[in-house]
Ligand code: BES
Ligand code: MN
Ligand code: ZN
């Protein structure tokens, strides 16, 4: 689908994508396609150089049929973030207009534009799966020629990042009657086989043997057995980085039941698990020299005569007892045992990813992932990666006052819901009780794992957030 060639204005393409800035920097070869009138077109306003504005013009010569101009704006508008968004917009146009033979003049944009383009193209042209009975028309993939001194590895890396995001989006979109703990595990196994990862699926009986009383309590009301999914990517001989995902395939809230409007959409409560699997898709394609272990606690949170209840006291795998004050604070219970299990691999860092609290939505809105950490250096490397991917993160305070409240219970070591105010932090602090001294990042993606409207890089709905940031962080990890 992607080809590499050198830019030659006399070569013929159906469409060529060109960045256009100041009128006096127009390439002569490009100008020739328009009879020397590009400057005049800019001055007359028929061709916009405004940031991210797209103008499509047929050429005057009739060889290359048309040029798709992207306005570059001012000099400092050429950020990775902007270029990615512009390429996303262009990609959507390629798809919606059914263009089949497109060349991209990468040098008219920025260094490293090839990788940015393929990442944006994969993300922007993605469509969520549907279950509509009318058969989908097969669309022919376009040929996209990347013009310039382009490395195949950059093309592949960009596409790998985008594909990882799309795996996460697809899984998050799937309804809970189709994506259960069981089918999520099946998908993980399929992914592991495809990329030659070691994997292990722990069944309910094994979890019972290990004493995973927290995860099992959440599953208690369900007719579908839970799964603990473990994937191992080995690219080096070293202690692994553990990435732990909340895989609640549906969250009714349990007996602390959600209001009817709060239940709709809870098929997406495995967004953290989806991030882990999307990340492993990317790792499988990019194969960095790192070790990563992915762990997913998968179950739904249902109600029945067997379900766990408020006031129950349960015992987690690490022996800590938990007073359940709210069965809707189930994600932290799932993570508790998944994190304890992760620690058996003696990881050098633990990163948990979860749609954990509505509180993070209140605090940070829908564009920023809320974080907690016990290690500032680790947080800085996340921040750095997130600046490159433009997936925003913000560190919340992990003060002792929060930890004290998580440990407050008359009857147990911990309670799972100390109250409404600051509850994003309580959620993270609860998970922190199972992490111990291992460097740790907690990523609450409840606000960012889905979006209410489409943007240049994809449709509304699941975003696959943090797949690229974690992949980037792992790729640039300092030993
Ligand atoms: N899955 C929810 C969090 C959530 C809310 C995700 C909105 C996506 C959108 C989580 O299990 C939950 O119910 N959290 C409670 C915690 C509370 C009971 C302490 C919440 O946010 O209200
Ligand atoms: Mn819940
Ligand atoms: Zn939940």
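Using the three backbone atoms N, Cα and C, a Cβ is placed for every residue, glycine included.
Neighbours of residue 269 (Mn(2+) 2 binding site), defined as other CB atoms within 10 A of its CB across all chains, total 27. If you look up TrEMBL, you'll see 246, 251, 269, 330 marked as Mn(2+) 2 binding site.
Summarising the annotation, TrEMBL assigns Mn(2+) 1 binding site to 251, 328, 330. The secondary structure of residue 251 (Mn(2+) 2 binding site), as reduced to three states from DSSP, is extended strand. Sequence-distant contacts (6 or more apart, same chain, Cβ under 8 Å) of residue 251 (Mn(2+) 2 binding site) comprise 258, 263, 266, 269, 300, 301, 328, 330, 331.
The active site feature in TrEMBL is assigned to 258 (among others).
Beyond its flanks by at least six residues, the domain 'Cytosol aminopeptidase' (326-333) meets 214-215, 217-218, 246, 248, 251, 253-258, 269, 301, 307-310, 314, 316, 354-357, 416-417, 427, 430-431 of its own chain at Cβ-Cβ distances under 8 Å. What TrEMBL lists as domain 'Cytosol aminopeptidase' is 326-333.
In this view, residue 332 (active site) is surrounded by 30 other Cβ atoms within 10 Å of its Cβ, with every protein chain counted. In the three-state DSSP classification, residue 332 (active site) falls within a helix. For 332 (among others), the entry in TrEMBL reads active site.
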Taking every residue in the domain 'Cytosol aminopeptidase' (326-333), the average pLDDT works out to 98
What DSSP gives for residue 246 (Mn(2+) 2 binding site), in three states, is strand
Counting other C-beta atoms within 10 angstroms, the emptiest spot among the recorded positions 246, 258 is 258
Judged by other C-beta atoms within 10 Å of its C-beta, the most isolated of the binding-site residues 328, 330 is 328
Other than 246, 251, 269, 330, the chain contributes near Mn(2+) 2 (Cβ within 8 Å of their centroid) the residues 218, 248, 266, 270, 301, 331, 334, 354, 355, 356
